[in-house]
Amino acid sequence: QVLDIFGMISQIRLVASLPWAFPGWVGQGKNWPYDLPDITASYVVSWILGTKQYHDLDIDYVGIWNEKNFDSKYIKLRRHTLDKGGLEKVRIIASDNLWQPITYSVLVDGELAEALDVIGAHYPGTTSVMEARKTQKKLWSSEDYSTFNDEVGGGCWACILNQNYVNGLMTATISWNLVASYYEDLPFGRDGLMSAEEPWTVNYVVESPIWTTAHTTQFRQPGWTYLQTVGHLANGGSYVTLTDSKENLTVVIETMTHDHSVCVRPPLLPFNVTPQNVTFQLNGSFASIRELQVWQSRLDFKTKKPFFFKKLSPLKEKGDPGRHVFTLRQVVTQMPVTWAADAEQTISVIGDYTWQNLTVSCDVFMDTVKTGGVFIAARVDKGGGSVRSAKGSLLLVGETVLVEGHSGTRAYGWHTLSLTVEGECATGLLNVYHLWKNTVVLGPKNGWAAIGTHSFELAQFDNFAVEAKS
């Protein structure tokens, strides 16, 4: 067997941030943040200052806008605004999309090159382009992985963590996402390094990609650099070497087969891996090393008995791990500048996608007169980026649904909503009085519970509860 890792245990702390959306007021009614670049740049700077003031969090890197067209003038303005706000140490990443056209722009625009610190690409498939290397900027895979976190996902992550540098000289690989803290049936279910689908229960599951990550992150510290002695193994697999330039050394080896390391996007090109023996010769400043500490993970698809981050004997040759209640306030009053096709109203899906027969209840408070509306729902069949086309059974105060009539609801007062869906019938109650009873509903047979508002407006929710029937 090939050894996977040897080195020192350490902890790395670095914070990179990337806007996926902006408040609606930034776009002034448009789904575009660059028409008023001063406002957009000031908003980002204020956010960074706020994270320090209220959470004592230092932002090291900040992106421009997730997977959208970049604006060279705005990047320069962002740099100026950061510096003016006393944030000279915050570095800028762009364009968080493809290698081009940002790479070409940096090569021909000296002012842009001075403002930009990192060229980041999303899902590069372990490769970069020659022009990117010519910029002499740090190259990052600033979003990657996005793969189900079973053992195949762990294999994918092992491959790209190594090969993003071996093939593309990328010194950072950022997983989307870090923790899959959302329902598995939503888009990209369990596409995180670990899972915490019900974080309010303090329950989480350490999945295989976490152990894969540890082979790299537990044995280095900020300031360590990759040696040029990296590459592919003769019979498949790859290796990288890192050092702190003080005779401490970490080597990470992966020998994942293609079918057991499939990445969702982009899929890695076919390759073969066969058993092999590998010899590493430690020369120069590493010649005095006599012993290497060894940790190994094996994703064993034949025996179905994998093991993770297991400490082996040192390698002799200096190596120095049902029913929930809560309170929520909806405060977003304007549709944000969005990255995806978000819903035209606020909505939060809750619970279990397999629910069929259930009762949803909640106390609601409308802060908007006449045009306001608050709803609860059951059997909602879509969420995330697909929520705009979601269907389900809805009880909305402030608007007619299923049955026509005046409900007597008003703003600035609490009301209790209750919606029961069973079989093909739905019953709705307002303040314990029936609005309708056993009305036939057509739509999904199962789905989440949900709460939300008629549009983007102030509202409050309290004592939310779901009772699901078997």
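From the backbone N, Cα and C atoms, a Cβ is placed for every residue, glycine too.
Those TrEMBL annotations? Automatic predictions, nothing curated.
The active site, proton donor/acceptor annotation in TrEMBL covers Glu67. The local packing around Glu67 (active site, proton donor/acceptor), expressed as other Cβ atoms within 10 Å of its Cβ over all shown chains, amounts to 16.
The feature active site, nucleophile is assigned by TrEMBL to Glu143. Here the Cβ of Glu143 (active site, nucleophile) has 22 other Cβ atoms within 10 Å, regardless of which shown protein chain they belong to.
The domain 'Glycosyl hydrolase family 59 catalytic' annotation in TrEMBL covers 12-218.
The domain 'Glycosyl hydrolase family 59 central' feature in TrEMBL is assigned to 226-318.
Taken from TrEMBL, the feature domain 'Glycosyl hydrolase family 59 C-terminal lectin' applies to 320-468. Note on the domain 'Glycosyl hydrolase family 59 C-terminal lectin' (320-468): DSSP counts are 6 helix, 71 strand, 72 coil.
Counting residues of the domain 'Glycosyl hydrolase family 59 central' (226-318) by DSSP class, helix then strand then coil, yields 6 helix, 28 strand, 59 coil.
Cα spacing between Glu143 (active site, nucleophile) and Glu67 (active site, proton donor/acceptor): 10 Å, rounded to the nearest whole number. Note on the domain 'Glycosyl hydrolase family 59 C-terminal lectin' (320-468): mean pLDDT across this stretch is 83.
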